[in-house]
Amino acid sequence: MKNEKKDIRALTKKQLQEFFVSQGDKSFRGSQVYEWLWNKSAHTFEEMTNISKETREMLKENFVINHIRVDQMQRSSDGTIKNAVKLHDSLTVESVLIPTPKRTTACVSSQVGCSLDCQFCATAKLKRMRNLNPDEIYDQVVAIDNESRLYFDKPLSNIVFMGMGEPLMNYNNVMKAVEKITSKEGLGMSPKRITISTSGVPKMIKKLADDEAKIKLAVSLHSAIDEVRTKIMPFNETFPLKDLKESLEYWYAKTKSRITYEYIVWKDINDNRVAAQALVDFCKAVPCKVNLIEYNPIDDGHFQQASAEATTMYQHMLERNGITVTVRRSRGKDIDAACGQLANKSA
Ligand code: SAH
């Protein structure tokens, strides 16, 4: 029986060059194919027009290109686009294009489902099926870049890892994708335009600092009081705030890059002054800003957005303490494309 063909995009440039040399060809041929795969996002070997027909046939016999496929695209009344993305093994993830007058942002997934258990997040209910490969992450970005050019006449400007999954639990693949996105052969984007959002895995935050990735870091905090945070984000039991804070201090000492905290104010959970003061105190650890984000209901009614007064109270307390705060409105709610709503409902 023939062995299963290998995904050609799992090879590094060097491996691809070596493969061609082993076939009696030039290593330069490897660079050409690599460029087709990554710079030109070829879906098939036939597209590689500067490669001879025989070579293309040979590649086809040895490899496959496991490209993602945008299965369904939905457009929100506010312009947000959600892609349901089919993977080669038929699993689905979602990614979102968020247009604003100044920028277009891709919100991409890093895992199929999620291994964390945030009680307020729809993706958490899906359980983690598997990690995405670097190329599956990269492909989502390319698909959104194409949509951005097509519908908004401009290339993608920013990327946030705020789709499905916990990026720091799929660290190696996420970093390989970032490498591709920022490399000349890929999209050549600046790492400063990429934000990795994490629920807070201290060991991996330190690793990210050590690896000098130059990306921006966002932390989904939602509470700066351990008992409350453990209730809504049970993994906080394993990674308590003290460890998270220590890892953020480490991050800042190494990178000098300001952290963004994402924070939702919920009715009867954290809509009080004690909770707001705890956030203010937490914010004193390292330079940061706070995004107060709107809660997107996920059907079970357990969590409810706090009153506008509670959000204003947070805003004032943070501002009085010199902490930058932005109140973020949700985008794409009508198509379940907003934060925490990604659950393959359209698939
Ligand atoms: N696992 C990563 C990235 C995915 S979630 C992380 O936790 O940061 C992206 C953001 O959406 C996080 O800040 C998350 O807390 C927030 N979020 C999750 N569920 C939400 C909901 N129902 N409404 C609004 N934001 C939500």
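Just so you know, glycine gets a Cβ as well, placed from its N, Cα and C.
Automatic, uncurated: that is what TrEMBL annotation is.
Cβ-based neighbour count (10 Å, all protein chains) for GLU94 (active site, proton acceptor) stands at 27. Taken from TrEMBL, the feature active site, proton acceptor covers GLU94.
Under the heading active site, S-methylcysteine intermediate, TrEMBL lists CYS339.
Feature annotation from TrEMBL assigns [4Fe-4S] cluster binding site to CYS114, CYS118, CYS121. There are 25 other CB atoms within 10 A of the CB of CYS114 ([4Fe-4S] cluster binding site), with all protein chains counted. The DSSP secondary structure for CYS114 ([4Fe-4S] cluster binding site) is coil.
According to TrEMBL, the S-adenosyl-L-methionine binding site annotation covers GLY165, GLU166, SER197, SER220, LEU221, HIS222, ASN296.
What TrEMBL records for 100-334 is domain 'Radical SAM core'. Computed over the domain 'Radical SAM core' (100-334), the whole-number mean pLDDT of the model equals 94.
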Measuring Cα to Cα, how many angstrom lie between CYS121 ([4Fe-4S] cluster binding site) and ASN296 (S-adenosyl-L-methionine binding site)?
9
For the C-alpha pair, I'd like the distance in angstrom between GLU166 (S-adenosyl-L-methionine binding site) and CYS118 ([4Fe-4S] cluster binding site), rounded off.
11
Alpha-carbon distance [CYS118 ([4Fe-4S] cluster binding site); ASN296 (S-adenosyl-L-methionine binding site)] in Å:
14
So which recorded positions are near CYS114 ([4Fe-4S] cluster binding site), with CA atoms within 10 Å, out of GLU94, GLY165, SER197, SER220, HIS222?
GLY165
Measure the Cβ-based neighbour count of SER220 (S-adenosyl-L-methionine binding site), defined as the other Cβ atoms within 10 Å of its Cβ.
23
